[in-house]
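The next block holds one structure in the form of structure tokens; read it before the comments.
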Amino acid sequence: MHRSTTTRSPHQSSVRARNEIDVPPAERTAKGCRVPHFSRACDPANALAGTRPWSSRYPNCSAAVRPSIMRRPWPRSVSFLIVAVSAIYALLRGRLDRAGVTRAVGSLNNDDCFAVPGLEACEDVAWVDQESGTAYLVCSDRTSRKHWVPATLHLNATQLPEKSTDYIAVFDLASRSYRRLTLKGLPEEAQGIWVHAIDLWRSPKDPNHLTIFINSHRPPKNRALAPKEGADSVVEIFETLVGTDEASYVKTVKDPLVRTPNNIAATGPRTFYVSNDHRYKQHWSRAYEILKATPSDIIYCDASGTMPKCIIAADNVIYPNGLAKGPGNLIYQASTIAGLVRVWEARPDHTLQEKDVIKINRHFDNIHVGHDGAMYATALTKILQFKEAGADAGMSGNRPPVEVFRITNSTIGHITGRHYHSELIFADDGSTVMGSTSAAPYQNKLLMTGLFSDEVVVCTIPPVQK
């Protein structure tokens, strides 16, 4: 039998090669689907555009064939990338917002403020006497902060002065003036105080008698080893009287459990809780703590005897930072990484039991409690900018923004299940208040201080709504 053959010209073959899309062999054998090739005029892109839909031209093609053809213009790698990016964003969205990456900082209650030049690098303010308006602060200078902040791994101890120039300041809000306390009896080996945080205990029997607690980050004896060993941190205890210019040394609390002390909550004239902001003084994991922090702990110490007795009050706590004594047996604790404030209840053995968690998606530093029981939590609201500014203690002009939240007891907690109500009470983009780490209330004002701020700022805020 003679079979006719058709000979194509080279031109016809090249045209077909350009205008046709091959279908995988498994799809060519689909029953009734006589589509060994599809012209580009009928590819899925044109089908989606509504021109010559291939399904009407080839009605016998099964649904199993159509999806694979429809997907052909989208490489699987592109689809996988889209899904992966979406999943990662969903996972990180909360963290990005917490860090301030996707959030702008506006202005709130920052139009009635006054600054106090000279009070530089005051990381914490302990307490404001509501009767006299007297505040106690621990201050340094920005040059020292540039080289020495163990909490942020600034461990260049060889650049520090032989004796610390840090000090305790007593600030009078009425006159807007301050003075330095003279420290009496501090051992020579301390080489001064290397301040971070402060808290005070006021004697119930004698309101004029104050006990001062300071966590002091002493450099190691061999300062060249500081980058490897970290600080030789202790808690110093002093006593003073309201209105005087002196504080007398009582004792130094040094214990292996007090490794990386950040903040202190005094519970008596010789007892206190202290937060270890990091598990290790120095460790490679600290470089990535904003993504995943190694849990640390909160320590309770009793220094009433000859030797201090310290115990772990709460373990496996993510970046415990600010501490504050609440009413009764309550202790408030801010987490810098986790975006929350924990409410602890002290047991008779001084260990802490978690009672509540207040979730606010910010990186918090210090907490202060007003005379009415309201908490004021200061947020490092753009933490990446804060870290960048901290590299040179803000001396390059980088001014991180500030947010302060007020937390009060909820009046409808029995209905909502939430026992605390939080509200943003202060916000500034860094123009008025720079990188505050503490905000202490006094009447209708906030006294704001910062680890490397160039000055202290006091702003008027609205009262708590009853």
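Backbone N, Cα and C atoms are what each Cβ position is placed from, and that goes for glycine too.
On a predicted model such as this, the values are computed, not experimentally measured, just so you know.
Some features that TrEMBL has for this protein:
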- 1-26: region 'Disordered' (REGION)
- 1-16: compositional bias 'Polar residues' (COMPBIAS)
- Cys113-Cys459: disulfide bond (DISULFID)
- Asp124, Ile198, Asn262, Asn263, Asn321, Asp365, Asn366: Ca(2+) binding site (BINDING)
- His196: active site, proton acceptor (ACT_SITE)
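You'll find the Cα of Asn366 (Ca(2+) binding site) roughly 11 Å from the Cα of His196 (active site, proton acceptor). A gap of 19 Å separates the Cα atoms of Cys113 (disulfide bond) and Asp124 (Ca(2+) binding site). Those residues of the chain, other than Asp124, Ile198, Asn262, Asn263, Asn321, Asp365, Asn366, with a C-beta within 8 angstroms of the mean position of the Ca(2+) site C-beta atoms are Glu123, His196, Ala197, Ser275, Gly322, Leu323, Ile367, Thr437, Ser438. Nearest neighbour of Cys459 (disulfide bond) by Cα distance, taken over the binding-site residues Ile198, Asn262, Asn263: Ile198. Taking the Cβ of Asn262 (Ca(2+) binding site) as reference, residues of its chain lying under 8 Å away and at least six apart in sequence are, in sequence order, Ala151, His196, Ala197, Asn215, Val274, Ser275, Asn276, Asp277, Pro320, Asn321, Gly322.
Proximity of Asp365 (Ca(2+) binding site) to non-local residues of its own chain (separation of 6 or more, Cβ distance below 8 Å) is seen for Asn321, Gly322, Ala334, Thr336, Thr378, Ala379, Leu380, Thr437, Ser438, given in sequence order.
Across the recorded positions listed here (Cys113, Ile198), the residue whose Cβ sits among the most other Cβ atoms within 10 Å is Ile198. If you draw a 10 Å sphere around the CB of Asp124 (Ca(2+) binding site), it holds 29 other CB atoms from the protein chains shown.
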